[in-house]
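Marked as ATP binding site by Swiss-Prot on the basis of sequence analysis: THR43, MET44, GLY45, GLY46, THR47, GLY48, LYS49, THR50.
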Amino acid sequence: MKFFFILFYPLSLLYQFLFWVSQFKIKPFVLPHVLVISVGNVTMGGTGKTPFVQYLVRYFKAKNKKYAITILSRGYKAKLSKVGAILRDGLSPHLYGDEPSEHKELFPDVQVIIGKNRKESFLKHNQIHSKFHIVILDDGFQHKQIHRDFDIVLLDANGPFGNGQTIPLGFLREPISHLRRAHTIVFTKLTDQNKDKSIRAINILKQKQIPVPSYTSHFLANLVQIDLNTLKSNPVQLPVDQIRQTKVLDEDANDGYFLFTGVGNPKHVLETAESIIGKKINQHRFFPDHYEFEESVLGSIIGEVKQGTVLLTTEKDWVKVRTKKGFLEELKKRNIQIFVIKIEVVVNEKESFESMLAGLVSTYEAKNDLVSMN
């Protein structure tokens, strides 16, 4: 262990220096007449940015109906990321990226724009010309090119800082001290088992004199049964208690469950699925984050599935998998049912957190002389 520390520590310092150089000369561009809220993290791997962005969209759609909403994303691994694009629908994840496609599918009336150069992509593709406009910058904490009015940083309660070291010695994308740039921190995936880790992380922030307010959140998980005959974008959803009563997920009525996923934190997906079903899932295949499922790979998954087994995957994976006609036809042919794990964020300190969000809107309106227009 000591050998690896000695080997990688200089590389970790070099990474920090190169990161500092890359950020030093950037002067953030102020997007005209919009309220910009960034959702980001400081670690590699999944912290729950996608469901948290969706939580914010739901909140603002419910509480600030006069506001138009834009989700601005890089579109990681998307074919059109380099040139930038605006999404018309969520049916082409290979062009626009899996998370942006998932956002557009879930919120058809929300403007979703992708681009490696997010500033230029927004200026080119934005079709909203109202001052009542909220832009949510997805994975934006390290993206200093765009000025943001508020920075929300997510920390996974299972391991907020990893080993406390930056890449490649650890999982941090930048040092813990950089959290001073954040306006608030939200610990995600909180459970009774990892609560102590979040408390220790808060103490570390206090020791480092980082006076950033923090909140906690957990996931509300559900399963959605896919109708393989229609493949509608809004499949029938069953509450957890109803799912447990169906023959489909009755352990006596099938030969088990097979989970496949390509996300940043597959272990947490597995634990979530097991908590919904109420039993252990022994069959699973994990793929790299943003994995593009080919028909051959999906065919090999079907080859491992016994008759009566229920397939499980995530919303992020389903956005891509549903376009594979050969796979879907084989599922129908073999009468294999597939369920999608649906995740929603619940902020534990809901009243305080939503009061903060309401304050952001009020401050923005006062700053831009919009109060009289309400």
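Here the Cβ of each residue, glycine as well, is placed from N, Cα and C on the backbone.
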DSSP-derived structure type at THR43 (ATP binding site), helix or strand or else coil:
strand
For the recorded ATP site, enumerate neighbouring residues of the same chain (Cβ within 8 Å of the Cβ centroid of THR43, MET44, GLY45, GLY46, THR47, GLY48, LYS49, THR50, site residues themselves excluded), in sequence order.
ASN41, LEU154, ASP156, THR188, GLY264, ASN265
Counting only other Cβ atoms and using a 10 Å cut-off, which of the binding-site residues GLY45, GLY46, GLY48 scores lowest?
GLY45
Check each residue in the chain of THR50 (ATP binding site) that is at least six apart in sequence and keep those whose C-beta is under 8 Å from its C-beta; list them in sequence order.
GLU99, GLU102, HIS103, ASP138, LYS316
Fewest other Cβ within 10 angstroms of its own Cβ, chosen from the binding-site residues THR43, MET44, THR47, LYS49:
MET44
What three-state class does DSSP give GLY48 (ATP binding site)?
coil
